[in-house]
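Here's the structure we're looking at; comments come further down.
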């Protein structure tokens, strides 16, 4: 009996109620919220009843309605509560914070719904209580992407309810529009939610049960990651059952072959060539694209290409499932092209029934008919002709030419095509006719058929070659005679000026009979082509000595050919073979004529080493014959590059080639030569000279050897100092590592090569580089007990600059005070008088830095103590400036000149006085410094001391300074430029008005000068005397002292101002008061008091 149809009335009723509730949401406000929440249970029950999943009996409907209403109402309330603040804030005026908060609420809601989506799906689709579904939630995997779709459905419904119910969010018209959209969207979302697949159960760990007995070994289970590889292996081996099982186990039917596999055919192609088509059908059922090409090959192309007998079942299956019969491979061949080679026309028939193109040409210009004719497959050719294939082609290669050029002399194909109206004079892209092709192949029967059909025996192709010339070029006497019999011209020549005799001598398989026949016809063997070569020369160049003797009996044949032949016919031996044999035997007398037959590139190949190395004499002879020194072998190497790897034994040959100008270009050439020398344990100076010649000739010094060793490391192994210097000058990496991870510096330390080590350090090798075992070169030297080597690797005070050392590094090391570094740098050859950017020598820097040990070392090595820097400073002035008394004594003892002038004609004594150094001044004057010397401004050391004294704060020191100078005979009233005296400078004649000074300190020195009889009437260029200067700087005590000493208070300056006026002008009232005379008359205050 037919199954009863389910009752759809409950579903329709629930849908109608839901529709009314959805429309009620258009009212907005609380009505929209209540109606939206009530509509969801009704929609869920309506969709469930529509799908016939569960009947809507009264008790079940009420239970499910309560559960669904509680779920949707709770979710709606939670969403409204979370969105309340950010949504209200956004409506009040917006702001980034409110927008971000609302976005965060939306994200939290979606994540929560995703985590609980099995609860929503089960409640809507299966019904039941919320408690039961909540308990089952832990057993389900909610992390799948289906959960995101379910969460999106529920979130969309909740969001639209809030949009409709929120006050002030939408206008009336917008609310009704949203309600209308919800009427369509909500049922679809409920339908999508219930159609989602059931979430999988979470996998639980299997309890471990201890079993008795010994464990047994099981066959390894194929891991999931290897299923695809196993599937390809099974398909390639034809194991169809295993391949099907792997597909069922989850292997990817669409996967491509791995890149590391040699066979790059995809699965569909492999299945298409199998006799069992079950795998192909399974792949098609799995959705594999039968037109997908990988490597230019589709399954249909493979099915038609890889079988001589054809695969009609596979072709039919593929065509039935949409395979494109017009797809082409990389050579332009369509499936019909491949089927044209098959013995069964059934495959071609299937392709033609599927609308395959008959006249598509491949990249060789052949149509499927042309391919069938070229293969001699006349059955397929006849079939294609009957199906409408055109034997003639406007472009490409006509089928008639393909039929005439087959491997067999079978005129049947030509006759077949001629019967189907093929043009006998059809030409290909090079202007060749079928008669040209048949003549070259030597097909006499085919020639006869073409001639019977009216073939033109005088036709010329694009190269002006006739069929007769093609027969000569092919070396076919039969074809030549057939064409000659119908009137072909034996004297014809092609565009290169070659007649039949020349072409016959150059044939791939020459015919002596044909050459003899051509000579009988009177062709001139001495005639030359456009390249200037005669038939004799062509034959001799190919080593066809039998033809040479036939063409020119007087030709001087090579002695080796005559000796080998005896009474037998002359053998055909290439000139290159004869030349190599003669050179190997050391016979050079009779080889010039043979060498003339060989190209320069072939002569150059004889320069390359074989089992024996070429001798310099052999090289000289070959170069004299025109050998190409840059001729390359199959690997791209030249003779010189191959000799480099032979090492010491090849040195004479290498030098001979270099003398003739051969280029040693090529990656790692020098390293390969040095590696061979190291392997042969030969480090002679002659070999070093050969290496230097290679460098001069342009060999690559940067590339490593085949073992990965750089040239510099190999040179260190060999101990070739000159080569190491040259390599470092060129700029090779001093820190390049060899195959063991060691630098050249490691090797020099390990081999105890001190000279090499110093050279490497000088050129900036990294002393802190670590080998693979973590050792530095210093560690290697210490481990071998060579502390003398370790001294060159220990640069702790002044670190090496990680570049080639420069002369300016010596002053830098001296400035750092590293005496050991200075000593090493000097021993490495840096000039003693090297200067830095400021023109300072190492001695000057050491004197300025106070480095006594460095100064002693430099002076002991002969450093010049009178050097002047760019600023004019000398070592002595630097030591004085930095107050290094001991270094000053050392410089004076070394002969430093005391009166060597600094910029401005200043002496070191003036400098010491200006710096306030009484002890230094005493030492200098004891050594003979002139206390009366003046600079360019006429200042003496006493003037300089006075300049220092105005700002001095140390009274004892200043007094000692003046005592020292005055006791040495310094002139107290010496006048400098502008008339200034020491007293005026001491009182601030060159200081800014009001400059700070210590009046007590100045008072002590002024007392000294006054005791020495200093002139109080001296004036500076402004006319200021001592009192003026005291008033200018507000020096009250000095003003009083000067007045007591007899200074004139009424003296006037150049502007007619008295000291009192200067004090008033500067605001020093107390100083000005000192110039007011004491009152002598009646007091005005007393007078007024008495009157009152």
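All residue numbers here begin at 1 and follow the chain in the order shown.
Glycine is treated like the rest: Cβ placed from N, Cα and C.
Since this is a predicted model, take the numbers as computed values, not measurements.
Per TrEMBL, the feature transmembrane segment maps to 68-91, 98-117, 144-164, 176-193. The feature repeat 'ANK' is assigned by TrEMBL to 331-363, 364-396, 430-462, 463-495, 707-739, 740-772, 838-870, 871-903, 937-977, 1022-1054.
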Subject >> Integer mean pLDDT for the repeat 'ANK' (364-396) >> reply: 88
Original post:
Do any residues of this chain, six or more beyond the ends of the transmembrane segment (144-164), have a C-beta under 8 angstroms from a C-beta of it, and if so which?
Top reply: 25-26, 28, 32-33, 36-37, 40, 75-76, 79-80, 83, 87, 106, 109-111, 113-115, 117-118, 120-121, 170, 175, 178-179, 181-182, 185-186, 189-190, 192-193, 196-197, 199-200
Original post:
Looking only at residues six or more beyond either end of the transmembrane segment (176-193), which have a C-beta under 8 A from one in the stretch?
Top reply: 15, 18-19, 22-23, 25-26, 39-40, 43-44, 46-47, 120-121, 124-125, 149-150, 153-154, 156-157, 160, 163-164, 170
Subject >> Chain residues in Cβ proximity to the transmembrane segment (98-117) (below 8 Å; excluding those fewer than six residues from its ends, i.e. six or more beyond) >> reply: 75, 79, 82-83, 85-87, 89-90, 137, 142, 146-148, 150-152, 154-155, 158-159, 196, 199
Subject >> Secondary structure composition of the repeat 'ANK' (430-462) [DSSP: H/G/I, E/B, coil] >> reply: 17 helix, 0 strand, 16 coil
